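Taking it in order: structure first as structure tokens, then the write-up.
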Amino acid sequence: MSASSSSNACKLLLLGRCLRAVLLSVAIQFLLLTVFLLFVNFQLLHPLAWVTGTLRLVASWYTWFASIPLVASVVLYGVILCQQHLSERRYCPTRYRWLLHYGPRKVLFLFAHLLVGLLTAWLYTGYLHTDYQHLKYKCYGQDCISAYNVYLLGIGMTAGCYYFVSVHMRKEISIEFPIVEQSRAEKMRELLYASLAKSLLSSLLPTISYTAVFCLFGPMVCHRLSHILSVDMDERLDGFFGVVTNVRLLFYGYLLTAQILSNMHLMRCFYGILLSEDLPLVVTKPRAAFAHEQDITLVAGLGVFNVYVVQCLAAHHFYKLALRKNSPQRAEIFQLTEPGNRPASWRSLCDQCLSILGSFTEELTESMQKISILKCAQSLPMPKITESLTTSLMAEKVLLRQYNQKHGIRPIVSPSREVAVESPADGIRHFPNWCERVSTQLEQSLQRLLQRVPGIVYLFNEPEGAKTTFLLANSLPVVYMTQALAQVCAASLKEDPYGVVQNDLPAIIKAINKLRNELDKLSSVIGNIRISSSSFNVLRCAVRRSLYAICLSFCDYLDDLLPPGEELRQLQDLVCQE
């Protein structure tokens, strides 16, 4: 199966899961509506009538027809979530490129949040008292604008906007793999209880903030709507005390905000639960005539670079497979092909993993070279060692020079030139052309002028450490892959009868150790740049743990696997330190 066909097959599998997530999102709307009606129509003295009346309302024809707009908005919300999960993650070096690539998608997603919040509030207000149900109501024999309805519709849109800003505006959608394996029913039950309980607390801030804003601008909005609809003004919520003293309205707004926040959180987590389930990947394809041609191999899943979720699932599957002791699936990695007696399974898997590790390390190294602190440390010239300088004085001068270069402090006296400038071979000093000097000065002046324009640097300059942050945020496949390789290498001592892994041990150790050295360099400046410390710590600990597992298993053979030098000494020190 080619790379494109593997990608399409994986996308088709994930698309089916996204469809099930949409159906779950639609079903949860009626469950949340039932919970809302149970709160609103609470009757302590008549519990049976309270429950039966609520269920009768949910099952009525009015509910089914009135919920059609909300269901349509939920489907739109789910389609956008599916598109974000299955799309390629591109690096945008500047904020302008980010706006071009992600801006339209974010605006559409914000519109979906506002639409779901508005339609949820519109549907729920239809079950409240007459003053809350419609935008217009009869007051003193005339049509008046309902300030209560305006308040609830506005708080629905505010809740949707609040969830988008706090969760989706600057962050990309990602899935999390559970540490403890649970069934889907157990995950759904825990998610439902936790979401409903958490939403009651998280809805306090948006409710209070919206109420404060409505006290200031609510009468103006109601006055404007009354002119548009040609109705009279509603004066029930005039002033601060008119809003604050209406306890029932505040309770409805708080409950509605909690319902909307829990609804959006549940829809997002449904995708995370279903998409984090294992893909049906195989180590080797069966060669029988009746074998399925659509079987996706583990190597093909790791090679799907344009869908981040697929690569994460393949790496996680490889990690779980490597942890299964004495399993037939893990034994397939060490098997030879028939006919031919070649380690085709291990060869393709090892080459794919080393290719991913090598490309990730190279990109990380290139991105770290753009960080000014690391660049200054690498380009710092070493002072000329003389006999009169002691070791402590040398160290003090190096630290002083690093400090001055970091903060841009120049020496008062220009340094003396101890080394004579080498003259050209022909003895003639060549000066640069005056046209070249003028053009260079004009270019530098133009750059300085453009940088003074407000917003130019912010939009069109690449932030320091942005590429490094992007790589670390998308390093989950590398985290699982390094640990899986370490487990397979450690298990090969007992389970590899043909020794197919031992030939590639030096390359695996060097690749992981190279990544470890780069992460150690980055750890020295992690506090000075905007890098997610959680993703960095996860990657660094996984790499160190993987390298330690391999070195501990082959500690007696490190001298045979690696040539003598600095790398061998580092690995021996790692085993001794741990």
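Placement of Cβ uses the backbone N, Cα and C atoms for every residue, glycine included.
Sequence annotations record features per position, and here Swiss-Prot assigns topological domain 'Cytoplasmic' to 1-21, 82-106, 166-200, 261-578. Per Swiss-Prot, transmembrane segment is recorded for 22-42, 61-81, 107-127, 145-165, 201-221, 240-260. Annotated topological domain 'Perinuclear space' per Swiss-Prot: 43-60, 128-144, 222-239, in sequence order. Marked as phosphoserine by Swiss-Prot on the basis of experimental evidence: SER414.
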* Same-chain residue ranges lying at least 6 outside the transmembrane segment (201-221) that approach it to Cβ under 8 Å -> 147, 150-151, 154-155, 158-159, 162, 237-240, 243-244, 250, 253-254, 257-258, 261
* **pLDDT averaged over every residue in the topological domain 'Perinuclear space' (128-144)** => 79
* **Distal contacts, the topological domain 'Cytoplasmic' (166-200) - CB-CB under 8 A, six or more residues away** => 35, 81, 84-85, 89, 106, 109-110, 113, 258-259, 261-262, 264-266, 268-269, 271-273, 275-277, 309, 312, 316, 473, 476
* DSSP helix, strand and coil counts for the topological domain 'Perinuclear space' (43-60)? -> 12 helix, 0 strand, 6 coil
* When you scan the chain for residues with a C-beta under 8 Å from the topological domain 'Perinuclear space' (43-60), skipping those not six or more beyond its ends, what do you find? -> 30, 33-34, 37, 127
* Asked: Is the topological domain 'Cytoplasmic' (1-21) packed against any residues at least 6 beyond its ends, judged by a Cβ distance under 8 Å, and which are they?
  -> 78, 81-82, 85-86, 267, 270-271, 274-275, 277, 279-280, 293-297, 300-301, 303-304, 306-307, 309-310, 313
* Same chain, outside the topological domain 'Perinuclear space' (222-239) by at least 6, Cβ under 8 Å from its Cβ: which residues? -> 135-136, 139, 142-148, 150-151, 214-215, 246, 249
